[in-house]
Amino acid sequence: MAEFNYDLVVIGAGPGGYEAAFDAVKYGMKVAIIEKDRVGGTCLNRGCVPTKTIMRSSELAKEAREGAKIGVNAADVKVDLDAVRARKDEVLDVLREGITTGLAKAKIDLIHGLALVKDEHTVSYTDAEGESHEVTGKFILIATGCNPFIPPILGAELESVMDSTKLLEQGGTPFDDLVIIGGGVIGVEFATVYNGFGSHVTIVEALDRLIPTVDKELARSLKMSLQKDGIDVLTKCPVVRIEQADGRLAVVYTEKDEEKSIPADAVLMAVGRRSDVPSLLSEQLQHLAGERGRLAVNEHYQSASPSIYGIGDAIGGIELAHTATAEGRNAVAHMNGQEPPIRMETVPTCIYSVPEIASVGISADEAKEQGIEIITKKYAMGANGKTVLEDLGRGTIKLIANADSHILLGAQLMCGRATDLVGELALAISNKLTLEDVASTIHPHPTFVEAIAEAAR
């Protein structure tokens, strides 16, 4: 029998990779993780966590400016992006240290280097000094995430045109005018952040609505909410080019075949992300790559080479940190001949806009497409005491249930703390609870979560 250095070699130390490694140790596997950058992956270093950290500063700035209506006057609010960035870096350092300590305690070898999968059991890597090394593993797990995609727009190379990674490192004072190309999750969240900092923000989206993956009704409500907060939203307006004009930038787009432009101090490219799995594979393994630079896998996250698995953004699908984590745990279970520990039918999605948006399960449109008879329950958050006293505005919780059994099938929320509320609904849907089960459970008052029970009645 072949001898390997490790039972499992993981490429990528993001949430999917390191959680898979922790699970592998529980199965008695000897594990190594190869990471070219810092532990934590995109989520911790360039995505979810830093974005939400600076969003907290943005929320406080906005609340302070609007405090007079609840009796708190703070007229002169100044935002110091250098201090915001410093706090963000402190938060990331603490969380990275926690991961590194956890890996060490679990006796998982953390190897720093740029990996290349040479064959079905061999990974070579180049270290910081440029020296090449090799390790072998019974299994290999590709968990390398993805990177910001910059479309071929003329002027995209200009200095003040940024991707999300660069914008997170911005210091000084907030821009007067920020134009965001792309109305997906990244675009909407950064629009929310910089609007809170006091910038004038414009979102330019080529499609006919924001965030096409969310419920159409929620997308319409989101657009109105952003506009109410002073964010300009242009849909069906593809960007043609970016120009320099009078020491600033001008974003040129078309609207009904007419060219128009918007002045900007900076432009954020937020048109999506792309994985680049082919760059990780040797020539003899290029056949494992699928569409859009992803690894092609089966339902067990296994590639055409049975010892090579892939998870997270590297394989596409629902590109979220918690999805990658669940996929990693299921992949490791399959390597060990076990049933998957995580049910993948109910993956919550969260958008940190104002108000927040969250969903889980199927929408009414999806139920219709599947031929499922449903009933829909709605609850207006204007009747929720905690929402009113915290001045979080209007919002809605919508529940989708089977018309006959009343078993919950899906939920869409657009309200304050939606991202915290959706977990209860994911649990209810995953365990096939009925509307009556939820409604008959006592929820504390006054809270946001009691609105779920009200919606289920």
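Yeah, the Cβs are placed from backbone N, Cα and C, and that goes for glycine too.
Summarising the annotation, TrEMBL assigns domain 'FAD/NAD(P)-binding' to 6-328. TrEMBL lists Cys43-Cys48 with the feature disulfide bond. The FAD binding site annotation in TrEMBL covers Lys52, Asp313. Annotated domain 'Pyridine nucleotide-disulphide oxidoreductase dimerisation' per TrEMBL: 347-456, in sequence order. What TrEMBL lists as active site, proton acceptor is His445.
The CA atom of Lys52 (FAD binding site) is located 10 Å away from the CA atom of Cys43 (disulfide bond). Each of the recorded positions Lys52, His445 was scored by the number of other CB atoms within 10 Å of its CB, and the largest score is that of Lys52. Cβ neighbour count within 10 Å across all protein chains ranks Cys43 highest among the disulfide-bonded residues Cys43, Cys48. Mean model confidence for the domain 'Pyridine nucleotide-disulphide oxidoreductase dimerisation' (347-456) is a pLDDT of 96. Under DSSP, the residues of the domain 'Pyridine nucleotide-disulphide oxidoreductase dimerisation' (347-456) split into helix, strand and coil as follows: 39 helix, 33 strand, 38 coil. A separation of roughly 34 Å, to the nearest angstrom, links the Cα atoms of Cys43 (disulfide bond) and His445 (active site, proton acceptor). Other Cβ atoms within 10 Å of the Cβ of Asp313 (FAD binding site) number 29 in total over all chains.
Recorded residues Cys48 (disulfide bond) and Asp313 (FAD binding site) have their alpha carbons 14 Å apart, per Cα-Cα distance. When secondary structure is read from DSSP and collapsed to three states, Cys43 (disulfide bond) falls in the helix class.
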